[in-house]
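A.B. asks: From TrEMBL, for reference:
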- 362-383: region 'Disordered' (REGION)
- 31-53: transmembrane segment (TRANSMEM)
- 73-92: transmembrane segment (TRANSMEM)
- 104-121: transmembrane segment (TRANSMEM)
- 127-147: transmembrane segment (TRANSMEM)
- 168-191: transmembrane segment (TRANSMEM)
- 211-230: transmembrane segment (TRANSMEM)
- 288-306: transmembrane segment (TRANSMEM)
- 326-346: transmembrane segment (TRANSMEM)
- 396-416: transmembrane segment (TRANSMEM)
- 422-444: transmembrane segment (TRANSMEM)
- 456-475: transmembrane segment (TRANSMEM)
- 487-511: transmembrane segment (TRANSMEM)
Amino acid sequence: MSHSEKSIVTWDGPADPENPFNWPSSRKWRVTLLACSITFLSGLSGTALAPTAPLLTATFHLPPDSSRTIPPTYYPIFAWTLSAGVVPLLLLPLMETRYGVRTPYILCVLVLALSTIPQALAPGGAYPLLVAIRVLSGGAAGVLQNVTGGIVGDVWAGPRARSLPVALYIWALVGGLMAGTVAGGGTVWGANVDDEGKEGVGKGGLSWRYVCWWQLAVYAALVPIAYLALPETRGSVILSRRAASVRHSTGRQDVRAEGEEEEHHLSIVALLQDAVGRPLRMLTTEPLVACSTLWSAFCFGNALLFTQSIPRVYGELYGWESWRSGVVQAGLLTGVTLGLVVGAPVQDAWYFTTSSSAKTTECQSPDSEKAAENGVGVGGAEEEEEEETFLPEARLYLAVPASFLCLAGGLFLYAWTALPALHWLAPTAGLVLVGAGIFTVVTAASNYVEDAYSRYAASALAGVAFGENLTGAFLPLAEQALYARLGLRWAGCLLAFVAVGLSFAPVVLVWKGGAIRARSPFIGEAMYENGRGVVAVVGSSSSDRTL
């Protein structure tokens with residue numbers, strides 16, 4: 001603890017074992033893998049009901065999807081996705097500054113588990129109740145997914161250390177949504193609706209309600225696991241609690257953690273205004289954020305659009321039932337996994353070749369905003385350190401060909417192989433390419449914004465995530481009209497042409513990104529503060545995002 005006019009609680013030296021950056025690698029990986037696993041599993045709840053559409057129609061006496069511009073069976077997915085985007089934007093600032101990660105995280109797992117019960121028990125005339133409960137489950141799942149990015153940034157310092165954990169996080173985030181349809185389709189495998197329009201059952205006697213019951217079993221099991229295995233990871237919160245302990249034991253009310261007094265003087269309304277207002281302002285005024293958001297949001301929108309288009313395409317071409325088409329989305333998950341295993345190491349290798357070092361004099365650890373938030377070096381002496389930096393645009397090198405060849409190329413393949421004469425593996429191969437493209441694009445956009453905006457990376461990423469979730473919620477609403485008016489192939493081609501246009505975004509950013517960054521007031525402020533000894537360098541914080 002250092003003393004000035006007020007006593008400021010800091011870490012006990014650079015090797016303080018309670019500092020999450022100093023945890024043993026085994027503990028860091030335990031926390032990272034737990035958080036990524038929960039991110040993946042919580043994503044299942046978003047799309048698992050999609051393959052059960054005919055059964056939902058029969059149970060709740062809904063009008064046929066084909067008779068409505070917006071399919072009624074999509075409402076539960078829409079409610080979940082929209083809530084998953086809005087709720088974290090409101091709750092995360094409070095978690096990061098007031099309550100920490102651990103307790104709200106465990107409560108969200110509990111809420112996610114409990115919310116599956118009324119979904120499974122919803123009576124036939126209570127479809128609005130099912131949709132309303134999905135808002136609750138989507139909000140809880142969204143917080144869990146978003147917080148994982150912060151957990152990664154809380155325990156891993158620097159771009160090299162964070163590279164693999166961030167890639168695993170993006171895989172879990174995107175892959176969970178795609179795996180949901182596979183799990184849901186597998187649950188009701190063989191399900192049918194009898195001649196009287198009543199709900200049928202699968203070969204194993206399972207109805208759509210069992211999709212909710214197995215989710216309850218999974219999420220209920222996660223509650224004690226999270227309680228026992230997840231420590232508090234937010235360094236600033238750990239220091240605040242340490243300061244509270246000192247105040248309690250010594251009776252000295254002047255003891256504070258760095259930034260604690262300023263944060264607690266802010267009202268919740270003021271805190272939310274800043275936390276919500278800045279991401280939205282950056283989304284609408286910063287070209288790099290807006291460009292990255294359009295590019296990445298299109299990928300998220302397609303991931304959700306496939307929950308509606310795949311049953312249509314495979315149903316019309318091959319006469320497949322909805323549950324069987326849901327399992328086909330394993331092709332997307334395969335592509336995402338290939339992007340992680342093959343693409344991520346290649347991209348990292350290219351990125352790290354742009355390394356450069358410079359002597360910097362700083363009062364804090366050179367890991368930018370996340371280090372400052374974790375209290376690293378607060379109150380310490382100035383010391384000269386060699387800081388490794390990287391070219392932000394290098395994050396986009398692999399994404400340029402991947403966006404053209406995998407994302408756009410996969411969409412073209414998916415569209416133009418939509419022929420009854422061709423085997424179903426042909427359009428599925430297109431889905432594999434699209435999955436690889438989605439992973440590469442989302443990872444590149446997230447890392448690029450993080451590197452470019454340094455101190456304001458968390459706000460920039462929150463803006464990107466908000467755009468992704470809005471697109472993920474609303475783009476699938478156009479599926480019915482799009483495919484009904486244009487047909488299978490031309491509807492798919494329209495999406496592919498949009499992908500081609502958006503694929504020029506990383507080209508422009510690689511070409512002119514440096515000049516655009518030089519004109520950004522947010523980046524300029526971060527560089528100015530860096531020159532004054534305030535941490536604001538490449539790799540500020542991990543991706544705080546959700547879907």
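Start at 1 and count along the chain as shown; that gives each residue its number.
Even glycines carry a Cβ here, placed using N, Cα and C.
TrEMBL annotations: computationally assigned, not manually curated.
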A.B. asks: Counting Cβ pairs closer than 8 Å, which of 31-53, 288-306, 326-346, 396-416, 487-511 has the most of them with the transmembrane segment (456-475)?
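C.D. replies: Answer is 288-306, with the largest number of Cβ pairs below 8 Å.
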A.B. asks: What residues in the same chain, six or more past the boundaries of the transmembrane segment (326-346), come closer than 8 Å to it by Cβ-Cβ distance?
C.D. replies: 50-51, 163-164, 167-168, 170-171, 174-175, 178-179, 181-182, 184-186, 189, 303, 306-307, 310-311, 314, 320, 398, 402, 406, 410, 424, 428-429, 431-440, 443
A.B. asks: Who are the chain neighbours of the transmembrane segment (422-444) in space, where the CB to CB distance is under 8 Å and they lie at least 6 residues beyond its ends?
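C.D. replies: Contacts with the transmembrane segment (422-444): 166-167, 170-171, 173-174, 178, 295-296, 299-300, 302-303, 306, 310, 313-314, 317-318, 328-329, 331-340, 342-344, 347, 395-396, 398-399, 402-403, 405-415, 506.
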A.B. asks: Checking distant contacts: for the transmembrane segment (31-53), what same-chain residues at least six beyond its ends satisfy Cβ-Cβ under 8 A?
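C.D. replies: Cβ under 8 Å, 6 or more out: 23, 65, 71, 73, 76-77, 80-81, 84, 109, 112, 116, 137-138, 140-141, 144-145, 147-148, 151-152, 155-156, 165, 168-169, 171-173, 175-181, 183-185, 187-188, 191, 208, 211, 215, 218-219, 222, 225-226, 229-231, 233, 304, 307-308, 311, 322-323, 325-327, 547.
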A.B. asks: For the transmembrane segment (127-147), which partner among 73-92, 168-191, 211-230, 396-416 gives the most CB pairs under 8 Å?
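C.D. replies: Stretch with maximum Cβ contacts: 73-92.
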